[in-house]
């Protein structure tokens, strides 16, 4: 830019900025952005703002983005969209759903909600209070609100993106106006979310063509944390395996592993409550079985993401082989024109049942057909990382990160099948092998800042992992707050994970209370929820002292049963009715005093 069009030096600019009002800075920002957007060979012409411009900028609608995330994907998409909108000069606020006060909805102008789904079609933990508020009979009409919803999910589950569907439908029922039709994205969501973000920007541009509010005035929440490490999902750290040890007994019917990775040289930081993403590879045995069924050699060249690689490399490193989905079954039926499959896919319930009970390789074996190498790869979903709750505290273990991994193993038609990632971690890697990993931060599962605060930890199975990290952290901090662990598994002798560590914490006085539920050690099954109810009086006392409650484990059964047990405790001890008990737990959620990491 020549000085004849912009006759200021740096000192003069500084003086202008210091003396300018917010409105003047907003105009300057828009003007300079417009210049930057011009092509380099186009001469920039000076532009003088008019009173109309300022009025239109003041009238520009504000955008609120809410992200409801279980593994961080929704938060990442929301962060990217926030940056897109800031570049337009539109005022935008991004908040995790758990930090949003639902009663503000009636004051919003434009709401964009990005949500994943957990359990059996339920919203993520942080979005539960908002969900309940919207579906309550007292929810207000939202006629002045425009909205857009994006769902992130996994089509291998029957209630794919159900939380997004529910939010979208309910907002419309409350008279809010759809700015865009809902979009649902599968596990390979990058292309879909990129296109959706562009649609949002195009729509906002058409709605607010005159918006010129400076992005320096936006209210983006500082609580939204972006991983500052050099290593992330698309650039994982290659870590050595230090330990890969089975921690269930020889007699146990479960294979649970304690795995330690070396982070030396990575500068990776994590906190208790975070998850570790693991990029795994499919086993040679599974790939060879699939090649034998399809009568392909594996040497066939195929195109993958614009590159030519062999079919076998694609099957080992780039596509999902252990999970079937309704979409894959439909595509396969069309590809091979099998009459039985073509008839089955007309029945939605039968299609879902097959996807859940018949693994991909077994389907290909049962319904054989001729496929080219490229067609086979096109049928399959891209391989995605698996996430595991971190079982260590960095203040305790330094440049290491620990996992507690349950090896998924089951029988189908006389054959043993295993989970892709868990089998990789348990059986395909040995000490000193290298694995691609990255940290996924989880701000919805955090210890209280005040180390004097009591905590109640409730876990079943490998849900014990984050609580091992919690107590390591409390020990390293010399925390004085009381700690209470409820843990359940089938058998005391074979399934008491990290038994010696818990016993030592009890001896040291760090673990104040421990209640154990062994479901198969007696005729009558006992679960953690039974132990909770038995200790209801003392749990209520702890809650009155400000205790935080944490739950980690199976979302479908255990977490629901625990939530009902907590409601029962409140109804018994505090004389609440069920609605009051639910509202009390939701209030704890809003205070970050009831946090769940469920799967």
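Placed from the backbone N, Cα and C atoms, the Cβ positions cover glycine too.
Per TrEMBL, the feature domain 'Flavodoxin-like' maps to 63-201.
Look at TrEMBL and you will find 69-74, 116-119, 152-161 tagged as FMN binding site. Secondary structure at residue 119 (FMN binding site), as computed by DSSP, is coil.
The domain 'FAD-binding FR-type' feature in TrEMBL is assigned to 234-448.
Residues annotated as FAD binding site in TrEMBL: 322, 386, 387, 388, 389, 410, 419, 420, 421, 422, 599. DSSP assigns residue 599 (FAD binding site) to coil in the three-state reduction, placing it in neither a helix nor a strand.
If you look up TrEMBL, you'll see 519, 520, 525, 526, 527, 528, 529 marked as NADP(+) binding site. Neighbour list (residue 520 (NADP(+) binding site), Cβ cut-off 8 Å, at least 6 residues apart, same chain): 490, 491. DSSP assigns residue 520 (NADP(+) binding site) to coil in the three-state reduction, outside any helix or strand.
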Ask   = Using Cα coordinates, what distance in whole Å links residue 387 (FAD binding site) and residue 119 (FMN binding site)?
value = 15
Query = Inside 8 A of the center formed by the CB atoms of 519, 520, 525, 526, 527, 528, 529, which other residues of the chain have their CB, for the recorded NADP(+) site?
reply = 488, 517, 518, 530
Query = If we check Cα distances from residue 519 (NADP(+) binding site), which of the binding-site residues 154, 157, 160, 419, 421 wins as closest?
reply = 419
Key: Cα-Cα distance linking residue 599 (FAD binding site) and residue 154 (FMN binding site), given in Å to the nearest integer   = 13
Note = Three-class DSSP assignment, residue 389 (FAD binding site), comes back as strand
Query = Which of the three DSSP-derived classes (helix, strand, coil) applies to residue 69 (FMN binding site)?
reply = coil
Ask   = How big is the Cα-to-Cα gap, in Å, between residue 529 (NADP(+) binding site) and residue 599 (FAD binding site)?
value = 17
